[in-house]
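Chemist: Got these off Swiss-Prot a minute ago, pasting:
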- 10-17, 23-24, 62, 89-92, 100, 116-117, 185-186: substrate binding site (BINDING)
- 11: active site, tele-phosphohistidine intermediate (ACT_SITE)
- 89: active site, proton donor/acceptor (ACT_SITE)
- 184: site 'Transition state stabilizer' (SITE)
């Protein structure tokens, strides 16, 4: 049976991950640790014999630079790449820039957990005159006002990620090309929920660690057979737990 593999990588630690701030569509770069995580992901993929024909990423530099570092380690810096806002992190609305632990102290751990992980829960909206509104950013100049979020739930993130998967990424895989996606915690959670047919309760508890390759294997009908992280299982579990704990009061 022919098996097709897909590799997903959440960007390495960003400067705002390090500072425990809600990031969303704010274009913050990788921290030094994040660069190291991205390089380590590339080395792991090389050791496991992976190479690719095409890459996808968002229009945010923490994902783009993660992909650069991964491909550099694979000696595939030349690889064609498509960047799409549809793979951006979920938009965190008026929470963007706020410290997660301080927000939890103000509103409670459970409220922040729902804002971070709830399926249909949207954080407080931005206003269009807010400098954080994506309509002020030239990279989104071709998007309609309807497409520009003031805030997003995971459900709304799914509404942009999954059509992009079905219309753009999956057809390329079906043509026989080997694909890697470097994206974000919530855009990848959106895809994982869809691929694994997870319930809303199950997705609430899913935390994707930074800079760890997640491999999906598909059968000839492109139904997922299994998935697994590359790397040390204990270290990966600890990183996922750290992601979960970011939204708790100190």
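A Cβ is built for glycine as well, from the same backbone N, Cα and C atoms used for every other residue.
On this model, are these features tucked inside or out on the surface, and what's nearby?
Modeler: Residue 100 (substrate binding site) falls within a helix when secondary structure is assigned with DSSP.
Taking a C-beta cut-off of under 8 Å and a sequence gap of six or more, residue 11 (active site, tele-phosphohistidine intermediate) has these contacts in its own chain: 30, 34, 38, 60, 62, 63, 65, 66, 182, 183, 184, 210, 211. DSSP assigns residue 11 (active site, tele-phosphohistidine intermediate) to coil in the three-state reduction, outside any helix or strand.
When secondary structure is read from DSSP and collapsed to three states, residue 89 (active site, proton donor/acceptor) falls in the coil class.
In three-state terms derived from DSSP, residue 184 (site 'Transition state stabilizer') belongs to neither a helical nor a strand segment and is classed as coil. Around the Cβ of residue 184 (site 'Transition state stabilizer'), 28 further Cβ atoms fall within 10 Å across all displayed protein chains.
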Chemist: Which residues does residue 13 (substrate binding site) neighbour through Cβ under 8 Å, counting only same-chain ones at least six apart?
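Modeler: Correct list: 30, 31, 33, 34, 37, 210, 211.
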Chemist: Given residue 24 (substrate binding site) and residue 89 (active site, proton donor/acceptor), what distance in Å do their CA atoms have, once rounded to a whole number?
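Modeler: If we compare the Cα positions of residue 24 (substrate binding site) and residue 89 (active site, proton donor/acceptor), the gap is 5 Å.
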Chemist: Return the count of C-beta atoms lying within 10 angstroms of the C-beta of residue 24 (substrate binding site), excluding that atom itself.
Modeler: 27
